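Here's the structure we're looking at; comments come further down.
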Amino acid sequence: MLRTRRSEILTAFVLLAPFIVIYGLLFVWPTIQMVMLTFTKAPLIGAGDWVGLKNYERLWGDRLFWTATWNTLYFVLLTVIPSTLLGLLIALGVNRLKGWAQSLVLAAFFIPYILPVSVVYRMWGWMLDSEFGILQHPIAAVWGENVPIFRTIPLFIPAVAFITVWWLIGFNILLFIAGLRNISSEIYEAAELDGATRWQTFRRITWPLIWPITVLVATIQLILQLKIFDQIYLFAQGGRVDATLSLVGLIYRSAFQKNQGGYGATVALVLFMLIVVISVLQFQLLRARGQR
Amino acid sequence: MFARAFFAALMSSAFMVSAAQAQEVIEWWDFLGGGDGVRMKELINRFNEEHQGQIQIEATTLEWGTPFYTKVQTSAAVGEGPDVMTYHLSRLPLGVETGTLSPITEEDLANAGLATSDYQPANIDAASVDGQLYAVPFDIHSIVLYYNKDALQKAGLLGEDGLPTGLDGADNFAAALKKLQEAGYQQPLSIHDAAGDSMWRIFYSLLNQQDGKFLDDNGEFLSGDNLDKAVAATSLMASWVADGYAPPNTEYAASIARFTGGEAALHINGVWEVPTMTDLATKGELFDWGAIQLPTFFDHPATWADSHAFAIPNNQGNEMTPEHRKAVMEVIGWMAKNSTFWGSAGHLPAYNPAREDPEFQAMQPNATYASLAETAAFDPRSPLAGVASPVYDAAGNYLMPAVNGELEPQDAMEQMRDDLQGQAY
């Protein structure tokens, strides 16, 4: 008996070893290295002098860090919740369609998701160009003159958030549709027989049964958008980049542009902690609600 | 059939390998996409043809800007960099600070058949850090004033020699813009005022026209009366927008389109857009156009400039043999001596004899604005300055909003000074 146990442990270890080695080598070790880096004044490459907590002190007093944190959280707020709710809403609508009409509408919503970010940037950049943009006609009709959207600070994050939702929502819709199709039609039939109204059907059947997918979508979006970099970087290029900086943008700028690897690592570590805390918190919160 | 073709291909590649071993193969990296890139490839092909069996260049084109410099820095640190690469002189201080660049010695220059006296002194200064040369300048590129001849004719701003007249001096320039407005050009000036980089180039020219120093010898930004000069430069640029001569927040492509579309009669942009204009004109889609050195708005002529240069990475742990280095220098020397052709990309060859070449003298509009090489003002010598640097970012954060009327020039320059000073530690 004991013998089998021991050999089982051995087998388990042998089977787990490749994963542990690779995980340790490619994730745990670099992470430890990065934490060590935050205590040094290292350049982008190579080691640096030990400076203790200096980088953290600097971070605390860095106006840019707070701007970047605020911008990132503001962006998350403007993308995660709208793209989750809107995704569900569109999925509910698409789900009511039948046959080719459904495929067509679904494709229409999904196509933007396939585009690379650079194409998205070019398209919207031109559509909203302050001189020649086609969308400037309606804007001028309402506002009285052309508005340089990406050079007007209060409009910048909302505009990029809107474009991001437009761009990425197709994926959310797809997840929701998969979830909706998983709900057995028998439940709906039973509800209909019992005389449930449409709202009651949604409130009592669809919403609770789709909840796990909602949590999944919101969590995926949250982690993705906390790491926001590319759209903001592209649209802000050359402009007032300080006022529109995101946290990953600050990492990029410190480490790659200014050759301050130690400080870049410090910002990266703080962002890492932020993502861990927020996503665990959100997951727990949403799950607790669902289990009610 | 297929097997035969495959075998033939194998044989020929085997043959090429053995041929390659008899000669020096120079690994070359550049960041020249677009029109520049096409012309550079032509030069490389010509070099390879002329040096068959001796030296062959194997060129790779990489992404311009920060990605290029990051890759160069990381690869040099592990000894995997190329043998030679293109480099912006404005970016040189950071390259030297990070130990990415190998110094160019007197012997190297002699091997290339070049001497520092073949270049403008300001150009050599820009290629050196603490008196040591780190790169060989290849071109000087700058900003120029593009103009619509028909429009200037209508406004009476074209001299008898066919060149614009009456544009020097801030007041005269404003008067000229007014005349163009009266001639039917509502917003006669087109500048790329939605980004810091283009604004920086004009600003730095105007600052140098007043002998202003952006960064003084003590490492202080905009010290003393330099701040006032910077404010004067910014105010002048802001006045073009405020007085309605140029629209605010114009994006790069839109700023070109405003000129080529005939909406604006004057356009300030880099010489690298010369091929755009030439190509359009060849297709018959452009009016009669020209380009001249930036007018003198203040005390004397001066124009912002940067250089594409050749540098050798400091490949750590993988140093090249003296023979190989000699071959690299031969490549650099050949490129300098054949750089007249590079002028067709709009740039000015850095090598003096190439600019004095009759072929270049006949090249228009390059020959007209070639004089700017003598008063070229290169970016401040600091790891914080240069292409895609904190100074460029600061220009986007403070200078650009000031030009567009969102910040007061005085406040903008003070904030820019304090921001950059805070980053220099």
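Positions of Cβ are set from backbone N, Cα and C atoms, glycine also.
Remember, predicted model here, so these are calculated numbers, not experimental data.
As annotated by TrEMBL, transmembrane segment applies to A:12-32 (among others).
Per TrEMBL, the feature domain 'ABC transmembrane type-1' maps to A:69-282.
Taken from TrEMBL, the feature transmembrane segment covers A:73-92 (among others). For the transmembrane segment (A:73-92), the residues of the chain that approach it from at least six positions outside its boundaries are 109, 157-158, 160-162, 164-165, 168-169, 172-173, 175-177, 179-180, 202, 206, 210, 214, 217-218, 221-222, 225-226, 228, 232, 246, judged by C-beta separation under 8 angstroms.
For the transmembrane segment (A:104-124), the list of distant contacts is 90, 93-94, 97, 163, 166-171, 173-174, 177, 230-231, 234-235: same-chain residues at least six beyond its ends, Cβ to Cβ under 8 Å. Marked as transmembrane segment by TrEMBL: A:104-124 (among others).
The transmembrane segment annotation in TrEMBL covers A:155-178 (among others).
For A:205-224 (among others), the entry in TrEMBL reads transmembrane segment. Long-range contacts of the transmembrane segment (A:205-224) within its own chain (CB-CB distance under 8 A, at least 6 residues past either end) are made by residues 76, 79-81, 83-84, 87-88, 92, 168, 172, 175-176, 178-180, 182-183, 187-188, 191, 196, 275, 278-279, 282-283, 286-287, 289-290.
Per TrEMBL, the feature transmembrane segment maps to A:263-286 (among others).
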Same chain, outside the transmembrane segment (A:263-286) by at least 6, Cβ under 8 Å from its Cβ: which residues? 34-35, 37-38, 41-42, 44, 55-56, 58-59, 65, 68-69, 214-215, 218-219, 222-223, 226-227, 247-248, 250-252, 254-256
